[in-house]
Amino acid sequence: MKIAVIGQSLFGQEVYKQLRKDGHTIVGVFTIPDKDGKADPLATEAEKDGVAVFKFPRWRVKGQAIPEVVAQYEATGAELNVLPFCSQFIPMEVIDRPKHGSIIYHPSLLPRHRGASAINWTLIHGDKRGGFTVFWADDGLDTGPILLQRECDVECDDTVNTIYKRFLFPEGVKGTVDAVRLIAEGKAPRITQPQEGATYECIQKKDNAKIDWNQSAEVLHNWIRGNDKVPGAWAEVDGQKVTFYGSTLVDNGTAANGQPLEIPGASLPGIVTKAGLVLFGNDGKPLLVKNLQFEDGKMIAAAQYFRSGSSAAVELTEEERTFAEQMRAVWQSILSNVSHIEDSTDFFKSGAASMDVVRLVEEVKLRAGSCQLQNEDVYMNCTFRDFIQMCVRKLRGEDDEEELIVDYVEKNTNNMTIKMPHQLFINGEFVDAEGGKTYKTINPTDGTAICDVSLAQISDVDKAVAAAKEAFEEGEWGRMNPRDRGRLIYKLADLMEEHQEELATIEAIDSGAVYTLALKTHVGMSIQTFRYFAGWCDKIQGSTIPINQARPNRNLTFTKKEPIGVCAIVIPWNYPLMMLAWKTAACLSAGNTMVLKPAQVTPLTALKFAELAARAGLPKGVINILPGSGALVGQRMSDHPDVRKLGFTGSTEIGKHIMKSCAVSNVKKVSLELGGKSPLIIFADCDMDKAVRMGMSSVFFNKGENCIAAGRLFVEETIHDQFVKKVVDEIKKMKIGDPLDRSTDHGPQNHKAHLDKLVEYCQTGIKEGATLVCGGKQVQRPGFFFEPTVFSDVQDHMYIAIEESFGPVMILSTFKSGEVDDVLRRANATEYGLASGVFTRDISKALYVSEKLNAGTVFVNTYNKTDVASPFGGFKQSGFGKDLGKKNCCCCCCCVAVVRLLMHTCVLINILSFILYRKL
């Protein structure tokens with residue numbers, strides 16, 4: 001079709017581009033005149049394509065169409081007018097002229113919110129549903145028949161900007177183009193707008209945006225967010241107009257500690273806190289405002305109200321003065337109407353608009369890549385002097401970052417005070433779960449509650465995924481140089497090392513891990529993991545591929561390793577921090593963002609990790625931690641369409657369910673580390689003392705709560721009795737007790753349900769006829785302690801020979817001397833294949849057995865010796881995908897193949913020659 005696009009703005013520009021992609025002929029673009037010498041984005045795009053552009057200041061005079069203007073329009077021969085966003089009054093002579101008439105995009109669900117401030121009023125009225133309408137233009141104000149409507153949820157803290165960016169802009173462009181497609185196909189409906197529910201509100205201007213404080217907190221919140229950015233809700237404070245931005249509703253039970261601020265007309269004084277300005281409705285409930293703007297245009301963080309203007313100016317170095325002059329030239333090019341940029345020049349008072357803010361932010365990135373600005377930084381530093389000071393502070397790493405607010409639970413234990421976050425961590429903030437839901441996390445040493453922890457709901461998962469997606473697609477993390485990303489991960493590892501005793505103590509009281517083991521393995525290996533993968537950040541590379549068409553057509557094919565996007569991670573309770581590290585470090589090193597669900601019974605080290613990640617400087621939204629149930633939170637993560645990969649460690653049964661959900665939802669990539677029943681074969685020619693020591697470690701390490709634990713030991717019958725006697729003698733020496741006691745060898749099982757399963761497991765073994773050599777019972781003391789247990793005479797058909805105990809239970813079977821292949825058959829007769837082991841002095845036998853064992857890891861004359869550089873994962877129903885090692889970096893990337901025709905062969909040869917020279 002021949003289409004005339006009448007409108008303006010980036011929205012109009014995108015609609016124009018998509019219509020051209022659809023094959024329509026744009027016969028004319030009608031937009032507003034240039035402002036301060038700058039063309040509207042729609043005009044700029046059309047002029048670039050050679051499309052006729054008309055910039056009429058007006059279409060009518062005293063209600064009558066201007067004949068010359070109408071004539072120029074008619075000359076285009078348009079068959080349809082598309083008005084994506086238009087601030088001018090278009091006469092009916094133009095509206096009705098085309099064969100197909102005119103269609104208009106309107107950002108509300110008509111007939112609700114007719115008029116020019118529809119998005120504002122959607123929020124001001126607290127609508128739960130919003131959306132847009134594409135309708136047929138008539139002579140009324142947004143009253144024409146409906147062609148197409150699309151809806152979205154309006155979230156409680158949405159602003160005009162967030163709902164526009166999330167839905168109204170991207171989906172509005174698609175919807176407008178879809179409407180044109182329906183017209184072209186002759187399928188476009190004309191649905192008369194109902195009169196019921198029709199509303200019309202006035203244009204929101206500064207004069208009518210004053211806050212009426214005699215209303216509830218929710219109404220105040222809706223008024224402020226509905227006026228956010230333009231025109232801005234305001235009130236008198238300290239004798240001047242102050243405009244409020246960034247409102248959120250907060251929990252009524254949250255204590256607001258700070259300095260009071262008297263606000264005329266308000267039912268209670270506001271409170272300036274570290275998080276912002278807390279305001280109160282006439283119902284006594286609070287809301288929080290993040291930013292304030294004064295009459296002179298200066299914007300500040302609300303938390304800085306009593307400190308505004310107090311920071312001293314920094315003295316610029318020679319290099320910084322050069323940067324300042326470069327930025328002065330940028331300001332001059334943007335503010336072309338200003339003859340000279342002075343230190344006092346105000347960006348916005350000089351005529352800059354929101355598009356100019358975007359350009360300024362991008363110009364800074366070009367000249368100083370490490371200075372990552374947000375649009376808010378420009379609004380809050382609008383004079384040239386303040387802008388340069390802010391940039392220089394950021395370049396020096398001295399900028400006043402928003403302070404992390406943590407509501408700690410503090411405990412004095414293990415000769416220290418540990419400080420534990422207990423709320424969800426979403427988008428760089430600790431927040432309560434939806435509805436304030438909580439649960440108690442239990443100390444397995446005595447069965448008492450440690451603290452209340454926020455219990456995530458489905459809506460919390462959606463918020464966390466949205467934050468991770470935004471951080472990946474639009475945030476600093478997605479634009480960051482890989483080496484800078486590695487630097488942040490190194491910094492995180494350093495902070496974890498600084499807090500290693502605190503982390504180990506939290507791990508001990510929350511999971512029952514013996515403190516010394518927690519310090520060395522749970523925490524120590526976690527730190528090693530982050531350092532290892534920090535080093536991989538700038539080494540994740542693609543390759544060039546020779547292809548048949550390379551000559552004579554000069555085609556080049558190469559691959560790139562790109563981050564996947566939002567990754568969901570679900571971890572178990574046996575190694576809470578270490579499992580987090582194994583899955584998170586590789587994910588971050590590849591440039592992904594993540595939403596992690598720790599095990600519900602062990603959430604505390606994950607939340608402490610979130611605090612340390614924020615303090616290390618990882619941008620908001622990169623890491624999100626959601627304690628909660630697997631059935632609710634884990635399921636939503638599996639189903640969520642914006643999650644692109646899910647990593648899970650846990651039972652085979654749950655792994656199968658997750659794999660199915662991931663396939664049905666959006667065929668997301670999956671890695672699974674599942675159950676195990678790892679065989680350990682001990683030959684008579686072994687080093688007996690070492691075999692006993694390592695054999696015990698293979699079973700009792702970390703109280704048996706170990707995914708690669710030796711679930712079944714095959715001992716050559718000639719040494720069986722000697723082996724059992726030595727094991728029992730060593731068990732008698734083990735100290736069972738408080739995991740914080742440095743002399744303790746064996747702590748409590750992780751939680752009560754697991755303890756009960758171990759008791760039942762051992763009772764089953766006794767009933768089936770296995771010999772209980774020792775243990776098999778709960779220790780009679782407070783807490784969830786279980787005796788180290790040994791079963792002998794275990795036959796292949798028995799339940800305990802087949803199923804994993806995941807506890808301190810040694811399962812012993814014998815095999816006859818010389819029957820190597822038979823014991824291998826028995827060892828491999830399991831649906832699992834995570835780990836295995838062999839003890840023998842015969843190197844040939846060791847190599848033969850290790851080759852024949854079906855497992856992802858085979859230990860020879862040792863056990864439990866994992867390393868961050870070695871890939872870890874299993875076969876069969878133990879899952880697929882690898883943790884650790886270089887392989888895990890690849891698992892966290894997608895491989896993109898690029899094929900291109902080389903137009904300048906000589907240039908390519910020169911580049912290759914240079915590279916080859918450097919390599920030689």
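Including glycine, each Cβ sits where the backbone N, Cα and C put it.
Taken from TrEMBL, the feature (6R)-10-formyltetrahydrofolate binding site applies to Q88, F89, I90, D142. Contacts of Q88 ((6R)-10-formyltetrahydrofolate binding site) defined by a Cβ separation under 8 A and a same-chain sequence distance of 6+ are given as I6, I32, F56, R58, W59, in order along the sequence.
Residues or ranges marked as active site, proton donor in TrEMBL: H106 (among others). Close to H106 (active site, proton donor) in the fold, though at least 6 residues off in sequence, lie R114, A118, F132, T133, V134, F135, D142, each with a CB less than 8 Å from its CB.
According to TrEMBL, the site 'Essential for catalytic activity' annotation covers D142.
Regional average pLDDT for the domain 'Carrier' (318-395) in the model is 85. Residues annotated as domain 'Carrier' in TrEMBL: 318-395.
Around the Cβ of K597 (NADP(+) binding site), a 10 Å sphere holds 27 further Cβ atoms from the protein chains shown. For 571-573, 597-600, 630-635, 650-651, K757, 804-806, the entry in TrEMBL reads NADP(+) binding site.
According to TrEMBL, the feature active site, proton acceptor maps to E673. Over all protein chains present, the Cβ of E673 (active site, proton acceptor) has 28 other Cβ atoms lying within 10 Å.
Marked as active site by TrEMBL: E673.
Annotated active site, proton donor per TrEMBL: C707 (among others), in sequence order.
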List nothing but the largest Cα to Cα distance in Å, as a whole number, among the residues Q88, F89, I90, D142 that the record says bind (6R)-10-formyltetrahydrofolate.
14
Among Q600, Q635, the most crowded of the binding-site residues [Cβ within 10 Å]:
Q600
What are the DSSP helix/strand/coil residue counts across the domain 'Carrier' (318-395)?
48 helix, 2 strand, 28 coil
For I90 ((6R)-10-formyltetrahydrofolate binding site): intrachain residues, at least 6 apart, with Cβ closer than 8 Å:
I6, W59, N81, L83, S102, A137
Rounded to the nearest angstrom, how far is the Cα of E673 (active site, proton acceptor) from the Cα of L632 (NADP(+) binding site)?
21
With an 8 Å cut-off on Cβ-Cβ distance and a minimum sequence separation of at least 6, pull the same-chain contacts of I571 (NADP(+) binding site), or say none.
M579, L580, K583, L596, K597, P598, A599, A606, T649
Quick one: Cα separation, E673 (active site, proton acceptor) versus C707 (active site, proton donor), in Å?
9
Counting only other Cβ atoms and using a 10 Å cut-off, which of the binding-site residues F89, F806 scores lowest?
F89
Cβ neighbours of L632 (NADP(+) binding site) where a neighbour is any other Cβ within 10 Å:
17
C-beta crowding around D142 ((6R)-10-formyltetrahydrofolate binding site), within 10 angstroms:
21
Apart from Q88, F89, I90, D142, which residues in this chain have a Cβ no more than 8 Å from the mean position of the Cβ atoms of those residues at the (6R)-10-formyltetrahydrofolate site?
L83, C86, S87
